[in-house]
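Trainee: Feature table excerpt (TrEMBL):
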- Glu42, Ile401, His455: Mg(2+) binding site (BINDING)
- Cys61, Cys64, Cys449: Ni(2+) binding site (BINDING)
- Cys64, Cys452: Fe cation binding site (BINDING)
Amino acid sequence: MGNKITINPITRISGFLEIQVEVEENQIINAKSSGMLFRGFEKILRGRPPLDAIYFTERICGICSTAHSMGSTLALEDLLGIRPNENDKMIRDFMHGCEFLQNHLRHFYQYTLPDFARGPEIQPLYNVTHNDYRLPEKFNRELAENYIESLQYSRLAHEMLAVLGGKAPHTHGIFVGGVTVNLDASKWIKVKSILASIKEFVGGRMIPDAYTIAEYYPDYFENGVGYKNLMTYGVFDTYLEKDLFYVAPQVFIHGELQEFDPEKITENIHRAWYEARQIEQRPTEATVEENVYKEKAYSWIKAPRYDGYPMEVGPLARMWLSGDYTNGISTMDRTIARVLEARKIIGIMEGFLERMQPKPAQQGQYKFSGEARGKGLIDTTRGALGHWVATENEGIQNYEIITPSSWNLSPEDSEGVKGVVEEALMGTTIEDLKNPVEIGRIVRSFDPCVSCATHVISEGYSPVQIRIV
């Protein structure tokens, strides 16, 4: 008889993800990814003024709040038929880039590095959780020092966002029509200086640190592979200039590159704690009710599918589809792609700075009447983010959000097809059942986040439970 291992929480950010695996002869034969948080933001928005959605949805997450303001703003602009001018669009995209940098810095150093290197020997950080630390002491010490130093650079990325957006997180600067804060020379000089310092750290420390880890953990280029189906909604893809363009919307299924069609996106609730007339719905038609007693359900996360396929989203998908990274698809490839993407984003932001003009933003008043629909599809830090909005009588009739983590962390669908993370875990060899570090490394390579804000750990309370039966 095999073992069943449950890890809850699995993440170092947002304590609402549980991973359960079945192991026979030290190999994973089944896996379940369970989102344990009911969000409910879509229900909150019904009946509210449409413009409220921008600032409300930002509160879904304290790490990727700018992502939701971008998605919501794009959905409302699509609904109203509005396009910002080129200068305001670049300023807005620069702010979005700030969030990429703060997230990638935090994820690599605070959420990924502790899996592969011993942290600084200071409380409350110092905690040896397993025995598979392979780095020589010299390299481990350097990475531990960079772990601490990275905090200031992640904070500086948020400082850039605050300079241009009024505050961070939950910026006030992104809105329908462009931006709300006027760019002047002093703000331009400040963000330029900060970006230069972050660039130096990313190129001189972060990228070499990632390759150091890869050198001593080569086996992680072989596990966590998954379906190899990749998708991006596109980001920084409305520019003709080569130094500003990143990646266009596209999908990669079974080794074939395809054009992206948003009409092929559906959500399946077979294993989720929801009830609806149809087990599979389009996001424009999504109407569900919660049912915590639903038999055989195990997650609050629905199962998004593209043309019926589970799709991996995130930095690796973007870098692969843009042609910037083609080494492979695995646990370690996700980590390498993320740090390389940070450098890519910095280059694009430098291009924005060269062209952004210090002049008043284009601001206006917007009215909603009758029935209308809009969608905002954009790639952000963790991957493909979608906002769909329908309005009626000057209020929101329906609102639907599919986050990147929904794509990556989805449960099994009604066809018996597992989610992306679930499939990535299948077949993994666990060396030590009492310390299944392989599970955490694979799952955290996807940068999982289950709609969070803050979490408190008190002395004497263990935040992670590993149950083996």
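The backbone N, Cα and C atoms fix where each Cβ goes, glycine too.
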Trainee: Give the distance between the Cα atoms of Cys64 (Ni(2+) binding site) and Ile401 (Mg(2+) binding site), rounded to the nearest whole Å.
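Mentor: Roughly 14 Å, rounded to the nearest whole number.
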Trainee: Which chain-mates of Ile401 (Mg(2+) binding site) that are at least 6 residues away have a CB under 8 A from its CB, listed by sequence?
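Mentor: Listed in sequence order, they are Phe41, Glu42, Thr57, Ile60, His68, Gly71, Leu385, Gly386, His387, Trp388.
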Trainee: I'd like the number of other C-beta atoms within 10 A of the C-beta of Cys449 (Ni(2+) binding site), please.
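Mentor: By my count, 26.
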Trainee: How many other Cβ atoms are found within 10 Å of the Cβ atom of Cys61 (Ni(2+) binding site), counting all protein chains shown?
Mentor: 25
